[in-house]
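The structure under discussion appears below in the form of structure tokens.
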Amino acid sequence: MAEELLVEKHGEMSGHLTPSLLLVAFLSSFGSSMLYGFNLAVVNSPAQYIKDFYNETLTEEYGWETDEEFLTVLYSLTVSIFAVGGMTGALLVGRLVTTYGRKGTLVRITVLVFIGGALMAFSRSCRMPAMVILGRFIVGVHSGISLSVVPMYLGEIAPKNLRGFLGLVPSIHICLGVFIAQVMGLGELLGKEEHWPLLLSLVVFPTMVQLLLLPWFPESPRYLLIEKRNVHATIAALKWYRTKGNIQAELEEMQEEQRSLTSIQTISVWGLLKDRCVRWQVITIIVVNIGMQLSGIDAIWFYTNDIFKDAGIPEPYIQYTTVGTGAIEVISGMLGCFTIEHLGRRPLMIGGFLFMGLCCAGITVSVILQPHLMFMRYISVGCVVGIIAGFCIGPAGVPFLITAELFKQSHRPAAYTVAGCLNWMSNFTIGFLFPFLEMDMGPYCYLIFCVICLGVALYTTFIIPETKNKTFMEISQMFASRNNILEDELTSNGHLKMSMMNGYGTLGHSDSTLQHDSISCLS
């Protein structure tokens, strides 16, 4: 009987970081989020080798006449097609997590990495440039799915007081993936012309580890109870992740959420965009997700070597300078992860974007003055490091975290779809257009990133409230006046009972029939 597993006495839920909770957080991020970071940076080191491969193959095999501009377009497509795949994957998230669960989705999509990795690994021997582009697209689909599913999975298994910490574990792995790509791309390792296909296909090894170990961990308890209605499996999962604390209290709260959702339908993307009750929440995720990608960080990751070359760094030292920036990323990501529960979400966002904006302006000034002042090349490198550090401390992970926190259960899947599509669309835009912006505007192109960073920082300062340790109802009330929603619409004149669901407010039983707008605001 399921009741036999409930041995704890009634009381408050525990917020301990258990070994199983920490292990599943790192394992799910290791085989998913880390691949996203790896694929962002891996094309940087072998860029010239890939262009040469395209040139030789198209000339010898197909008789095409290519020039530098055409090769630049083809390479930009290779870089940015990863984002097209990511946007495609983001559109599939809702259906996949509903059908297969959170953990089940992560396990099943590993097949995409094996297919994409194989295409890239054998592209050179098959003399087919299209295999590189197709492989990048397929691993992009995997990243587009996992980039939303991993924080969703960790958010549902995490206690309230650890949601921020565990929510930034994936961002640490993104930074770690970038660093590994930079290290493996060194000339002493796989940064040789004959090894670049192997370098691109290294993604299969972390995925293999995840595929072997992650199936042994339980599914999200909330998914098991609310969507699968399997009480016994829910209790077993809670026992796995909560070695201490009151499992019965947490189960009762999830059951309260389950009852509340029986009369509330999950909202669609179009319904989300039309719902006046979450108007400013939607605007917020649009601003932070677009700002996250248009802050200049993707340009730094995709074209680090070219940026350092333009800054005057001697070519033999560029690859080592790039690896140094990767180490800064990992350290900065860990700093953000360990401070978010103390400082909150807003300070990390505001400070990160402000610092990135100043560093973008610094790159422009230093490159312009470099012919007259030789030490400016070091200022330029320092500004690149500053952009990376500022991004990894806050903007790298907080947007994914607050996308969940700004919305209740019925709105969250649609919110993740909107945020994911905008995130990947902006990623594609930067990956494809930055080389042409740099050719046309030179160092002044970084002023565009500067304006965007400062704009997002100002928006965060004046619009976004602090969501740390806040329930869904409290966050809704903070946005109520801005959305022109009366407070009694949110509380339904006191007839709506709220219960705490692992730190989030959810609907309880209502003593009266609510109008459509009130249901929409609370669902």
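Placed from the backbone N, Cα and C atoms, the Cβ positions cover glycine too.
As the structure is a computational prediction, the values presented were derived from the model and not from experiment.
According to TrEMBL, the protein carries these features:
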DOMAIN    25-468  domain 'Major facilitator superfamily (MFS) profile'
TRANSMEM  21-43  transmembrane segment
TRANSMEM  73-93  transmembrane segment
TRANSMEM  105-122  transmembrane segment
TRANSMEM  128-153  transmembrane segment
TRANSMEM  165-184  transmembrane segment
TRANSMEM  196-217  transmembrane segment
TRANSMEM  282-304  transmembrane segment
TRANSMEM  316-338  transmembrane segment
TRANSMEM  350-369  transmembrane segment
TRANSMEM  375-402  transmembrane segment
TRANSMEM  414-434  transmembrane segment
TRANSMEM  446-464  transmembrane segment
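Long-range contacts of the transmembrane segment (165-184) within the same chain: residues 17, 21, 25-26, 28-30, 32-42, 44-45, 147, 150-151, 154-155, 158, 190-191, 199, 202, 301, 304, 319, 322-323, 325-327, 329-330, 332-334, 336-338, 340-341, 392, 396-398, 400-401, 404, each at least 6 residues beyond the stretch ends and with a Cβ under 8 Å from a Cβ of the stretch.
Across the residues of the domain 'Major facilitator superfamily (MFS) profile' (25-468), the predicted structure has a mean pLDDT of 86. Within the chain carrying the transmembrane segment (196-217), a Cβ under 8 angstroms from the stretch's Cβ atoms is held by residues 20, 23-24, 27-28, 30-32, 34-35, 38-39, 42-43, 45-46, 49-50, 53, 103, 106-107, 110, 113-114, 116-118, 120-125, 132, 135-136, 139, 181, 184-185, 190, 240, all 6 or more beyond its ends.
Note on the transmembrane segment (446-464): residues 280, 283-284, 287-288, 291-292, 294-296, 299, 345-346, 349-350, 353-354, 356-358, 360-361, 363-364, 395, 402, 437, 482 of its chain, located 6 or more positions outside it, place their CB under 8 angstroms from a CB of the stretch.
Against the transmembrane segment (375-402), stretch 128-153 has more CB pairs under 8 A than any other of 21-43, 105-122, 128-153. Taking every recorded stretch in 21-43, 282-304, 414-434 and counting its Cβ pairs under 8 Å to the transmembrane segment (73-93), the highest total belongs to 414-434. When each of 21-43, 105-122, 128-153, 282-304 is scored by its Cβ pairs under 8 Å to the transmembrane segment (414-434), the top-ranked stretch turns out to be 282-304.
The stretch with the most CB contacts under 8 Å to the transmembrane segment (282-304), chosen from 21-43, 105-122, 128-153, is 21-43. A Cβ distance under 8 Å defines the sequence-distant neighbours of the transmembrane segment (128-153), meaning residues of its chain 6+ beyond its ends; these are 28-29, 32-33, 35-36, 39, 43, 50, 53-54, 57-58, 74, 77-78, 81-93, 96-97, 102-103, 105-106, 109-110, 112-113, 115-120, 122, 167, 170, 200-201, 203, 220, 400-401, 404, 416, 419-420, 423-424. Residues 50, 78-79, 82, 103, 106, 110, 113, 136, 139-140, 142-143, 146-147, 149-150, 153-154, 157-158, 162, 166, 169-182, 184-185, 199-200, 202-203, 206-207, 209-211, 213-214, 217, 241, 298, 301-302, 304, 326 of the same chain lie 6+ residues outside the transmembrane segment (21-43) yet bring a C-beta within less than 8 angstroms of a C-beta in it. Within the same chain, residues 28, 31-32, 35, 93, 96-97, 131-132, 134-139, 141-142, 145-146, 149-150, 153, 197-198, 200-204, 207, 210-211, 214-215 sit at least 6 positions outside the transmembrane segment (105-122) and bring their C-beta atoms closer than 8 Å to a C-beta of that stretch.
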